[in-house]
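Taken from Swiss-Prot, the feature N-linked glycosylation site covers ASN290, ASN370, ASN447. Residues or ranges marked as intramembrane segment by Swiss-Prot on the basis of sequence analysis: 74-94, 147-166, 172-192. Per Swiss-Prot, region 'Interaction with CML18/CAM15' is recorded for 496-518. Annotation comment: Swiss-Prot describes 1-19, 67-73, 95-106, 238-262, 324-342, 400-413 as topological domain 'Cytoplasmic'. Residues or ranges marked as topological domain 'Vacuolar' by Swiss-Prot on the basis of sequence analysis: 41-45, 128-146, 193-216, 284-302, 364-378, 435-538. Marked as transmembrane segment by Swiss-Prot: 20-40, 46-66, 107-127, 217-237, 263-283, 303-323, 343-363, 379-399, 414-434.
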Amino acid sequence: MLDSLVSKLPSLSTSDHASVVALNLFVALLCACIVLGHLLEENRWMNESITALLIGLGTGVTILLISKGKSSHLLVFSEDLFFIYLLPPIIFNAGFQVKKKQFFRNFVTIMLFGAVGTIISCTIISLGVTQFFKKLDIGTFDLGDYLAIGAIFAATDSVCTLQVLNQDETPLLYSLVFGEGVVNDATSVVVFNAIQSFDLTHLNHEAAFHLLGNFLYLFLLSTLLGAATGLISAYVIKKLYFGRHSTDREVALMMLMAYLSYMLAELFDLSGILTVFFCGIVMSHYTWHNVTESSRITTKHTFATLSFLAETFIFLYVGMDALDIDKWRSVSDTPGTSIAVSSILMGLVMVGRAAFVFPLSFLSNLAKKNQSEKINFNMQVVIWWSGLMRGAVSMALAYNKFTRAGHTDVRGNAIMITSTITVCLFSTVVFGMLTKPLISYLLPHQNATTSMLSDDNTPKSIHIPLLDQDSFIEPSGNHNVPRPDSIRGFLTRPTRTVHYYWRQFDDSFMRPVFGGRGFVPFVPGSPTERNPPDLSKA
């Protein structure tokens, strides 16, 4: 059967039937990834990302052998497919599920790592390739190419580490790795686009400041656009109260507004990653509380499922695309050069990562008075390690820069594409497989005291895992009475922090307009909704 399927691949671009066959096989592979990923969940070396990648590699080898070297993949890679359809649900769900208190408590450190650190890493990689590539015969690259390579390989993929870390045992570390990963992706894409749009043939101090100003402009406006879209969705749902007639409308509106935020950012040439991430944070803080109970459950699982499928799709495809015969044919005459380029890039990634993680961690610790909030050396090693893996963002940016309509006719471009694939595969598989043992060694399981401070220790967390401990809705309807299990957290932190003043502003001005915690929709006749008027009469 597989022979007949693969035999149809050469005519994939011209035959609708062949496209359907390829899609069927790809969906079957996605199912296999999910099943095997579940079975290998407790494995010391494997995780779902590596499983999908290896299945993609195995499938690529099989197709390559059966098609006698004509093809290794089912679908043609498209950066539009990645940036428009696959990336938005992943980033939005990251913002929607984020532990907001931990994220904003460590916001300065996250921005140091995610924004400043990414620029440092990009600079070091760019300087390194400028020096090393000139000694290798790989083609003619200009300053813009070297800077673009720096931006491409500054984009991290911390999925493997996040799948291993326990955010209840190490909330600080998880928050830093998670937050930095999102900001890093956004920064890399913004820097890459800024480099692409600037004429770097006459680079001077004025142009450098202009480039920095453009970066800050994109960063700020993208964040504001995401927050504004989230607030609009909260206001509309709160005022019109769709759930009174249909929870389907609530769910549909939340999904469409989330996607609209990303597309608006692309329309205005902003950073869609930052926009949809902060839209997710705002919607989880306001909009999610304004919908009915059934809509809350549905949206939570829908966004998580879409994100999971998109991630699996990406790793599966990267595995298959790694064996694309057309890309490797261009560099087959000089395999040593391709290996040297890949090794140089991998070394620069490691050096560039270390160049900012340890110094910025030191600076961050200087500003922290509480010992529990400081980043110890073992945590710094984990943060450094989590950013060594490269994934789909690097692949997509490399395709954008070094291919034309999916083809790599220029030898230098082909070398960069194959080197990017090699770095992504090596870092994801090798570093990813070593992640569990490394974290087990550096971070032995914490005792119960750390989990007491986590957000999900009550049965209520089964239904509402998105919120932190001070964001749960009280069953009695009295939202001013503090919960008993939050007293410990209250006593162990300063009472006049930025978070304190934000809560004052939020409770006084934002929530009365946009809803949020405390706004409890009630659908007459629905026994599943919270706080019905009088359950005894039901």
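Heads up, residue numbers simply count up from 1 along the chain you see.
From the backbone N, Cα and C atoms, a Cβ is placed for every residue, glycine too.
In this view, the densest Cβ surroundings among the glycosylation sites ASN290, ASN370 belong to ASN290, judged by other Cβ atoms lying within 10 Å. The transmembrane segment (343-363) and the transmembrane segment (217-237) are not in contact, since fewer than 3 Cβ pairs between them lie under 8 Å (pairs 6 or more apart in sequence). Note on the topological domain 'Cytoplasmic' (95-106): DSSP counts are 9 helix, 0 strand, 3 coil. Here the topological domain 'Vacuolar' (128-146) has, by DSSP, the following mix of helix, strand and coil residues: 10 helix, 0 strand, 9 coil. Sorting the topological domain 'Vacuolar' (193-216) by DSSP state (H, G, I as helix; E, B as strand; all else coil) yields 20 helix, 0 strand, 4 coil. Secondary structure at ASN290 (N-linked glycosylation site), as computed by DSSP, is helix.
A separation of roughly 36 Å, to the nearest angstrom, links the Cα atoms of ASN370 (N-linked glycosylation site) and ASN290 (N-linked glycosylation site). Within its own chain, the topological domain 'Vacuolar' (364-378) has Cβ neighbours under 8 Å at 108-109, 112, 172-173, 176, 442-443, 493, counting only residues six or more beyond its boundaries. If you look at the transmembrane segment (303-323), the same-chain residues 6 or more away from its ends with a CB under 8 A from one of its CBs are 26, 29-30, 33-34, 37, 48-49, 52-61, 63-64, 72-75, 77, 82, 85-87, 89-90, 92-94, 96-97, 159, 255, 258, 391-392, 395, 421, 424-425, 428. The DSSP breakdown of the topological domain 'Vacuolar' (364-378), given as helix, strand and coil counts, is 8 helix, 0 strand, 7 coil.
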